[in-house]
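First the structure, in the form of structure tokens, and then the observations on it.
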Amino acid sequence: MEVGSDGKTKMPKVAKVKNKMPAPVQITAEQLLREAKERQLEMVPPPPKQKISDEEELQAYKLRKRKGFEDNIRKNRSVMTNWIKYAEWENSQNEIQRARSVWERALDVDHRCITLWLKYAEMEMKNRQVNHARNIWDRAVTILPRANQFWYKYTYMEEMLKNPAGARQAFERWMEWQPDEQAWHSYINFELRYKELDRARAIYERFVIIHPEVKNWIKYAKFEEKHSYIHSARTIYERAIEYFGEDNADEKLFIAFAKFEELQKEHDRARVIYKYALDILPKDRCENIYHHYTIHEKKFGEKAGIEDVIMSKRRFQYEEEVKANPMNYDAWFDYLRLVENDGNPETVRDTYERAIANVPPSQVKRHWRRYIYLWINYAVYEELETKDADRTRQVYQACLELIPHKKFTFAKVWLLYAQFEIRQKELQKARRVLGTAIGKCPKDKLFRGYIDLEIQLREFERCRILYEKFLEHSPENCTTWMKYAELEGILGDIERSRAVFELATSQPRLDMPEVLWKAYIDFEIEQEEWENTRMLYRRLLERTQHVKVWLSFCQFELSIQEPTNIENTRSVYNEANRSMRNNEKEERLMLLEAWKEFEYEHGDEGSQEQVDKQMPKKVKKRRKVQTEDGVDAGWEEYYDYIFPDEESAQPSLKLLAMAKQWKQQTGDTDNQGQSDEEGSESESESSGSSSSSSSDAEES
């Protein structure tokens, strides 16, 4: 739109469209309208400036504005923004009465709108209408007493007007409604600004009754402490502890009280407060108490006090551990050790009872191994520390009743119980305990413990009976046979000891037969029964042809102080060599080396030469290697021993040896000699294949 020089509006010229072909991109009517709307919003024409030159125009302007405001209110009375704009416009025109009328009409519509009251009162205060503002605040707090903004503004206005009495009266009216904590603090700070300590103390008294939280009691006490009323502050702390009692006690209150006493250098009082808190508070809420108590003792306490605090802290930690996992027996052991150091028998017993109540849920012995030591430690404590024999006996009996003896048992518990009865000079009870143990669940350890007890008491007949029961229970136990025979030997009954050994060697099954035979042979040697020893060696060699048995036999013959011991030893070596021809070659080589050493020490040149002739030759051979799946894995080299009696059965070996010697004499090269060696070794393999069935299997 353009305006001409004559003030008339001219329409813009419309450009002529020359190309009337359709555009490649078509625009819809909706798009045109949207763009027009957007451009209209972007280009908002400025409001016209109107200059008012006389009273009539001003009145017309006011009438027009009032009519607009009234129309808006008439359209929607509940929209408070229209009322507020209307009242503020009237105020801007200095029409205070009309503005008040608008505010009052708005309050009639919605008297619970906080903004209306605030704007209304602010208008009166800006216009310095104090009584009107006070009247509005009074009406507002009467209608909406829970709106804290009204009270804050009201009291602030009175204080700014230098009217503390009016402000105090407003605060008192407010406090009757029991507002939140911040309102009470505002009242207290108001009194403190005017140095009214007694009034502030009285407000605190009412405050902690209406809001009896721990933090409010602590603030009250710190208020007294800040103003140097130490006795009053201590009294407040004591009242707070008494008010909350043991059921609702809070750790923050005790910590604040103890720190207060610490600042006053009353360390004994602080220590008593900490201990009292630890006694009455639950264990899960004592961690912070322990922390501050430890710091206090480290700063002001003695060594004993510090240790006491640390023990209390550790006790709390162990309580938490066993509460989290009652089956954690290691934690119970540590806890019990700590409690035992404290020295209170009732506490120790109570802790032991709590620990042994956590029985393993499964009947598997490995799950009981740690648990059973709780009972053992309990019994040892009752016996050694409290000297209570009856209670110790009850502990052992309860433990034995709890163990499922049909599944497993613990011989250690039975033996400890029996040893306890012996210390109490109750021998019959001890025997009855061990007899019951053997009857219910016979174990090697129980038999050995019972036998050791009877040996210490020199009851050898009972020992014989127990050994017989033991051997009936496990006849394959060589150690038991040896101990039984040893007992008979100690008692001087050689025939019984020999009979025991004979019974033992005649058993079809033994766990360590070589140890038993060695013990029997050593027994006969100790008795200097040479013929019996030779018979034992012969009997043993009928069972086994082991090289160590032959070597032991030879050593025995050599050790006998007889004129013919050398010949006997040589004959044993000769017999062993003949009998071991079909044994492993390494064992036979071991025997021949021992024989050779014997001849070089005790023989002559002829006997030495005879042994040297029987020594084998060491030959390198090759054989195929197969994996577990039967697949060929190549060849490997190994060393074999060829004895003279094997060479006599294989005459081709001598011929090959001579051929090898002749080739070495011709002076061929080393490589050719090596190839000849390999050829001779392969020929020795082929010729050695006829020696025995075992070597055939290896060389194939």
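In case you wondered, yes, glycine gets a Cβ from its N, Cα and C as well.
The compositional bias 'Basic residues' feature in TrEMBL is assigned to 10-19.
Here the compositional bias 'Basic and acidic residues' (602-615) has Cβ contacts under 8 Å with residues 558, 566, 569-570, 577, 592, 595-596, 643-644 of the same chain, all six or more residues outside its ends. Taken from TrEMBL, the feature compositional bias 'Basic and acidic residues' applies to 602-615.
Look at TrEMBL and you will find 662-674 tagged as compositional bias 'Polar residues'.
Marked as compositional bias 'Acidic residues' by TrEMBL: 675-684.
Annotated compositional bias 'Low complexity' per TrEMBL: 685-700, in sequence order.
According to TrEMBL, the domain 'Pre-mRNA-splicing factor Syf1/CRNKL1-like C-terminal HAT-repeats' annotation covers 79-366.
Residues or ranges marked as region 'Disordered' in TrEMBL: 1-20 (among others).
According to TrEMBL, the feature region 'Disordered' maps to 602-626 (among others).
The region 'Disordered' annotation in TrEMBL covers 660-700 (among others).
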The region 'Disordered' (602-626): DSSP-derived helix, strand, coil residue counts: 10 helix, 10 strand, 5 coil
Confidence summary for the domain 'Pre-mRNA-splicing factor Syf1/CRNKL1-like C-terminal HAT-repeats' (79-366), mean pLDDT rounded: 87
